[in-house]
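**Student:** Just passing along the structure, written as structure tokens.
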Amino acid sequence: MSSSKGTAKCRQTFLHVVDENLCCAYYSKRWLLAALCHIGFAISFGLRCNFGAAKVVMFGNFTNEAEHDLAHLHAHGSAIALMESSFFYGCCISVLPAGILAAKYSSVRLLGYGIGLLATLNLLLPWAFRSGFVAPMLIQFTQGIAQGLLYPCMLGIWSIWAPLSEKSKLATISVTGNYVGVFVGMPLSALMVSHFGWWSSFYFYGICGLIWYAFWSLFAVAKPSEHPTLRDLEKELILRGKQSSDATNALFKMKKVPWRAILSSLPVWAIIVATFSRCWMMYTLINDQLTFMSDTLGFSMDAVLSAILASIPHGLMSITVVASGMLADCLRNRYKFATTTVRKISHCTGFALEATFLLMCAFVRDKTLAVTFLILARGCSGLAVSACRLGSNINHLDLTQCYATILTGICQTFGYSAGILTPLVTENVLAAAGIDGWKIAFSLAAVIHMISVLFYGLFASGEIQPWDE
């Protein structure tokens, strides 16, 4: 206890020194928290690109270094899908308990622990790959457990730190780090693998994650009431309109969570279906986009240029997320659209267009057209997960204030299950159908998206549910 108090006192002194000597007294503490969340999510998704870039060398037998270090892996390329899936098994196990923990304990600390553990384990992966199959699977499984903390804890943070009028905006600024992380992570990982070795990107992202954790530990405070340098004006803005702290409400009601009402709610299932569909598409492209471009379109450029080209769709998605969020604000504030209407318009339009462009990409063989359709597909997806009050990604906060972290845990469990199934399904389809298997794989993703469009359009809601009362 004394150690904890000493740490808190040191941080309080540090924050006072920063405010006084760096002219930071008037910066917004909640927006600093949002920026740190964004960077943390970018690192967590960027390190997921490390294996995708490194496995070309690790399993391709292209370098003497790889032949010497990883000879035991070359004869077992079929294990790639299982190694990739092990991460998502960990996510599925941890994400629902993480939602409960985030409602009971400090979401700020849990988020920091999650990304800190992800980074630390990333530093161990090069050694693990050299040792065999079991060690990397166990490490990636544990990384998945750490990753499962992030989404529920992020929403838990903003249920406490965000003013009611900014809750969706701040939450999605954090989540947008995912897409920025992939946009930067694909070419950066490929560049490092090409110039420094297959192991380099694992070390780089591990070190970046630990540096982030140091900043997070210094600047991120659990509650506005505990922040030593938070201005009264900002504290009043955060607490205005709240009967009490959302975290306190959650603590009070944790003993009687209305599980039956939550799990029988059609608006909840609309988010679940949307989350599964979104994750199926996202992980299909993150894991296999470079392979599709090489196998089907015949791209023979070097790994770095291929990764840059593959990252463009995710970069466009980052832009459309913000732009469509501004459009959503306009629809709600100027034209008085209901939240439910805006949610449905954004999700159904974005996913329907993404499914259409993906089908076009699967059935054309012209390189330029295929890449164009792929870029447009991911760009349209940004409509469905956009920044300000739009798609299913933030819909949890519409339905509940007290149980947002638990609802996120439920939905992300289904989302991460898509991460388990996607590499296994894609590998089996390609093994059975050859190069034409890409048509089947992309068509399946498009069908799942259209089912999501139909279900979400019928049953989604943007209003607080009766079981949250």
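Just so you know, glycine gets a Cβ as well, placed from its N, Cα and C.
Below are the features I grabbed from TrEMBL:
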| type | residues | note |
| --- | --- | --- |
| DOMAIN | 30-464 | domain 'Major facilitator superfamily (MFS) profile' |
| TRANSMEM | 31-53 | transmembrane segment |
| TRANSMEM | 86-103 | transmembrane segment |
| TRANSMEM | 110-129 | transmembrane segment |
| TRANSMEM | 141-164 | transmembrane segment |
| TRANSMEM | 176-196 | transmembrane segment |
| TRANSMEM | 202-222 | transmembrane segment |
| TRANSMEM | 261-283 | transmembrane segment |
| TRANSMEM | 303-327 | transmembrane segment |
| TRANSMEM | 348-365 | transmembrane segment |
| TRANSMEM | 371-390 | transmembrane segment |
| TRANSMEM | 402-425 | transmembrane segment |
| TRANSMEM | 437-459 | transmembrane segment |
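Walk me through where these features lie, including what they touch and how far apart they are.
**Tutor:** A Cβ distance under 8 Å defines the sequence-distant neighbours of the transmembrane segment (31-53), meaning residues of its chain 6+ beyond its ends; these are 83-84, 87, 111, 114-115, 118-119, 122, 125, 147, 150, 154, 157, 161, 170, 173-182, 184-186, 188-190, 192-193, 201-202, 205-206, 208-209, 212, 215-216, 219-220, 286-287, 290, 303, 307.
Residues of the same chain lying 6 or more positions beyond the ends of the transmembrane segment (141-164) and with a Cβ under 8 Å from any Cβ of it are 30, 33, 37, 40-41, 44, 86-95, 98-99, 101-103, 107-108, 110-111, 113-115, 117-118, 121-122, 170-171, 174-175, 222-224, 237-238, 240-242, 245-247, 250, 396-397, 401, 404-406, 408-409, 412, 416.
Listed as Cβ neighbours of the transmembrane segment (176-196) (distance under 8 Å, sequence separation of 6 or more from its ends, same chain) are residues 37-50, 52-54, 56-57, 204-205, 286, 302-304, 306-308, 310-312, 314-315, 317-318, 321-322, 382, 387.
With a threshold of 8 Å between CB atoms, the same-chain residues lying at least 6 positions outside the transmembrane segment (202-222) that come near it are 11, 14-15, 29, 32-33, 36, 39-40, 43-44, 46-47, 50, 54, 106-109, 111-112, 115-116, 118-123, 125-126, 160, 185, 188-189, 192, 228, 230.
Within the chain carrying the transmembrane segment (261-283), a Cβ under 8 angstroms from the stretch's Cβ atoms is held by residues 88, 347, 351, 354, 358, 381, 384-385, 391-393, 395-396, 399, 403, 406-407, 410-412, 414-419, 421-423, 445, 448-449, 451-452, 455-456, 458-461, 465-467, all 6 or more beyond its ends.
Sequence-distant neighbours of the transmembrane segment (348-365) (same chain, 6+ residues past either end, Cβ-Cβ under 8 Å): 274, 277-278, 281, 296-297, 324, 373-374, 376-378, 380-386, 391, 438-439, 441-443, 445-447, 449-450, 452-453, 456-457.
Within its own chain, the transmembrane segment (402-425) has Cβ neighbours under 8 Å at 80-82, 84-85, 87-89, 91-92, 95-100, 102-103, 107, 144, 148, 151-153, 155-156, 159, 246, 249-250, 253, 257-258, 262-263, 268, 271-272, 275-280, 283-284, 287-288, 396, 441, 444, 468, counting only residues six or more beyond its boundaries.
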**Student:** Same chain, outside the transmembrane segment (86-103) by at least 6, Cβ under 8 Å from its Cβ: which residues?
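**Tutor:** Distant Cβ neighbours of the transmembrane segment (86-103) are 48, 110, 136-138, 140-149, 151-153, 155-156, 247, 250-251, 254, 283, 402-403, 405-410, 412-413, 416-417, 419-420.
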**Student:** Suppose you look only at the domain 'Major facilitator superfamily (MFS) profile' (30-464); what would the mean pLDDT be?
**Tutor:** 83
**Student:** Same chain only, please: residues at least 6 beyond the ends of the transmembrane segment (110-129) with a C-beta under 8 Å from a C-beta of the stretch. Say none if there are none.
**Tutor:** 37, 40, 43-44, 47, 50-51, 58, 69-70, 73, 98, 101-102, 135-136, 138-140, 142-143, 146-150, 153-154, 156-157, 198-199, 202-203, 205-210, 212-213, 216-217, 220
